[in-house]
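So the structure is just underneath, and the comments pick up after that.
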Amino acid sequence: MVVLGVDPGSRLTGYGVIRQEGTFFTVLSCGVIRLHPRSSHAERIGQIYRELEAVITDYAPECVALETVFLSRNVQSALKLGQVRGAVIALAMNRNLLLHEYAPREVKSAVTGKGAASKEQVAFMVARMLALNPVPEPFDVTDALGIALCDLLRGGSREPFKSAGQSRKGGMSWSQFVGASPDMVIRLFQK
């Protein structure tokens, strides 16, 4: 099984491709997509899409593992991160790849055994589990490798991404959620 882990960001996007054969893990590629600070957000999203598409072409992963959005006090940052995630999701769907999403605490727990682990602890354990010396930098790279490892260690146990209108087993789609919980929806354009 080959998994592409992605740590999405609007300035740096980390990626890591890991192959699992039995109990052995091999890093096929890892790195960071550095986005030019003067580029527009749309140009950055395009760059992320193109560079990850090249990684997918070169290494043919069967699955993309992606970190979910954590809640942020900065709405602009959360929106930009959501748009980057959308580009990664669109790429995975366009290439007919499985897509699994993991919360940051779930990734940390899978890699270190502690959901509140620091980035340094995650980097140390990722490097140790994958026999990487030196530890890849920046943390975006080890985070992406950790996301891929989480998926492999969990056996791809996450339910594949569902499109709008479909629900996960026992869950609900976004439209169902909005209908059932209107008070939870942020109204951007109120009269």
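Glycine residues also receive a Cβ, built from the backbone N, Cα and C atoms like all the rest.
Values in this document were obtained by computation on a predicted structure and should not be read as measured data.
Here is what Swiss-Prot says about this protein:
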- D7: active site (ACT_SITE)
- D7, D140: Mg(2+) 1 binding site (BINDING)
- E67: active site (ACT_SITE)
- E67: Mg(2+) 2 binding site (BINDING)
- D140: active site (ACT_SITE)
In sequence order, which same-chain residues at least six apart have a C-beta under 8 angstroms from D140 (Mg(2+) 1 binding site)? D7, G9, L12, T13, G14, V32
Specify the count of other C-beta atoms within 10 Å of the C-beta of E67 (active site). 25
